[in-house]
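Now, the feature entries from Swiss-Prot:
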TRANSMEM  16-36  transmembrane segment
TRANSMEM  342-362  transmembrane segment
TRANSMEM  373-393  transmembrane segment
TRANSMEM  396-416  transmembrane segment
TRANSMEM  440-460  transmembrane segment
TRANSMEM  472-492  transmembrane segment
TRANSMEM  537-557  transmembrane segment
TRANSMEM  869-889  transmembrane segment
TRANSMEM  890-910  transmembrane segment
TRANSMEM  911-931  transmembrane segment
TRANSMEM  968-988  transmembrane segment
TRANSMEM  1002-1022  transmembrane segment
REGION    1037-1056  region 'Disordered'
COMPBIAS  1043-1056  compositional bias 'Basic and acidic residues'
């Protein structure tokens, strides 16, 4: 059969070229699967990479940090420490609260961890105090993860205790039931209660003490089972008036009889409705509020969870009185949606730019249509695989697709360009398609699998970073694979039926001008290529110098972990002197809020003070600042934070720590700043000595700002020294003394009022409004022998001391967490090195262990693995190329293009003022896969010319460079323009995308300029080396054969 017959050639594409209906239906199936997958994909900011985290909170009002540590935290820690798969355990014990955070291995399902935690709590129950008012409560939530939704409930007409009651019963419970919600907390703490404030002098005058009041109320307000009885025909349930539900009932309660006359509770105490905890407060801007913070479960979908909550808000608002208002203060999904929409726009822009490049190079609208169909088809088809893999539409997967827009068109371009070349020579479209597709099939396979090989190491990255980029790598690999399938099936089929013979094509002026332009460029390139090939040593010097320059740039470029995002939210911690009172702290918080609201870029400010599960000490307050939308601001969050801190700098005795909220939360405890490290010692006294020394030294380092610690050992403590002998002689036990103190100063929960909707506590405390400071102890009385009233002051002395406000543990040992931010002109690498150098310079003893935490620890792990990751990518690609080419040499020639990309990427980052972070490293790894395409296309054609046409290596590589110049330039421009929207992005989340785009564009420009010359030179160098060793081996074999012949017995036979 004639070679031009359409029935010959075609390789793997042959079947699809000859069966257009089957090919079309196959592509429609891919398209439909992708569309269905896209509609079902969830939306999120980043892939779900959370550690399984559980927080256990135990409240014991009135207990000191020492008591909380020894009788609550320690028993629980011992049980939790036995759980298999526990990665890290931290705890914070403060006045009245114990918070333990358990972080599990990524491989452990959260539900399994939950069961183990519940079992551990049950095992520790017998060791916990009997009068613990609340059992330990666990939540499947990361405390460092900022709320996904913050609501403020306010009222000008109703008291906050009434508003809190409505919020608890009508709103918080309903929100908690939404799937994906991990924890709903109410900041402001105005839960209704009955407060009994006894007059110490009055009860002493009647020969009573506080314990009498407590036991009387406990015995008078009960609610227990009473049974039932059956009559002849009916059953009767028993009930009594055993519960006291009204204030008047408590006021009229008889405490004792003296001289036959009743002493009622109102005679010795003030009874009123109030808040269960008077030392909690929250404000929305400057208005008192109940603030609802909604946190998600680790791994939950933020968008779905928030949408479900928003859908029920109208119903919840309607359930409240008209005098009560509920407003949304923050919604993290607003910026997540905006960020995803920006990336989607950039994806469409990348596709448009790529199509434009194709048209400029191909000069044919019909030819341009073919790869233009391949791009969306490959990308849309990827959504189906993403859905089956459980991925989401997020910044990283959309970035992968945006980059893929430049990749996936490469295969189609190479196929079309090769087929068009045969059509230009006079071949019919069908014959050209079969011949061109058959010739280029192996190249497409080489390009595809070598590029996917680069992504393989990303799949084996460990821990959080590996989880983070797994979706990115698989999404990109799938898009590339689908692209190869489309390029070997649909593209040649469409070429065979849509492209016209050269004689039938009429080019317009633009197309003719572009053709002349490229012919001129190719002619210029050919002239320069001859010079380079004739003087190879200069080019080789440039090639090897780029390798050295890449290493130098890598060592000198600042290194970071993850780009700082501007999501329009700022988390803050306000720290005051450790001995500050609640009222004084409240004044400070309101003063700071008023100053912050004066900033033109601040939308609203939410603040909270007091001790509960989310805040550990009274001298620290939490802030959440919502900024105006990015398009309404002139500056970004990293410039706003110093300005806000400067605004409050003149407020005396307070320090404001601020950090922007990030989508990627690796930390597992609420911190003052972005980065943390922990000092851990077996002896607390060692930490007392070295923590202040290290903190003071770190404050002097220019690389660090906002250096702080959670070491709070300067709180005021009233130490009561009891004369045990005298107390024993008077018949007073230590239990009685502790109870008297707890009754007076502990806001003691002594009873509970049960209703069908809620439960309300009865709180006992001493009325100290007319007593200042330490004088309040003078009115504490006890009952001794013969029911005599004994003042506490007769058996004890009170001494003011300094003590701990909170006690922190890491893995059950005392620990202190240092917090810091990185100075604007410094990098995270420089900051970490500064911490290490400072520790060495002050002579930190070896028995104090330093551990970096959260993002800082992840940065160190990532930094240590960077070179291994790049090396693994290179080795993976070498193995794949070696298998494809059945050669040890040709893969080295192809990989010689890599240093040029590294130089371009690193130079672009340094010029742009960017750090080498995780995103940039991913960009460099992708460049490794892209730039080798140029070499593959050259070497494939050179080897074919040597093998099939008998050309010399010089002529073969020269002709290959000229023939493949246009597709090389076209594919590079397509990849470059695909990355350009990322480099130029300015919207929300642009901080994530820009480093990737800069790496890609910088690396592609540099590699395009250099590899067009270095690759053919290195090809010829290795060819000469191969021939040299081949000749040397042949000469050695010939010499060996000659020696064997010389020593053969035939040559030594005697003549006859």
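Note: Cβ is positioned from N, Cα and C throughout, glycine not excepted.
A quick note: this is a predicted structure, and the numbers were derived from the prediction, not measured.
The transmembrane segment (968-988) makes contact with the transmembrane segment (342-362): 3 or more of their CB pairs lie within 8 A, with pairs spaced 6 or more apart in sequence. Contact check: the transmembrane segment (890-910) against the transmembrane segment (472-492) gives fewer than three Cβ pairs closer than 8 Å, residues 6 or more apart, which falls short of the contact criterion. Non-local neighbours of the transmembrane segment (373-393) in the same chain are 27, 30-31, 33-38, 40-44, 47-48, 301, 340, 347, 351, 354-355, 401, 404-405, 408-409, 411-412, 471, 474-475, 478-479, 482-483, 486-487, 490-491, 494; each lies 6+ residues outside the stretch with a CB under 8 Å from one of its CB atoms. Of the recorded ranges 342-362, 396-416, 472-492, 869-889, 911-931, the transmembrane segment (440-460) has the largest number of C-beta contacts under 8 angstroms with 869-889.
Long-range contacts of the transmembrane segment (911-931) within the same chain, counting only residues at least 6 positions beyond its ends with a Cβ under 8 Å from a Cβ of the stretch, are 403, 407, 450-451, 453-455, 457-458, 465, 468-469, 472, 476, 554, 557-563, 827-829, 862, 866, 869-870, 873-874, 877, 897-898, 900-902, 904-905, 972, 975, 992-1000, 1003-1004, 1007, 1011. The stretch in closest packing with the transmembrane segment (396-416), judged by the count of Cβ pairs under 8 Å and taken from 16-36, 342-362, 472-492, is 472-492.
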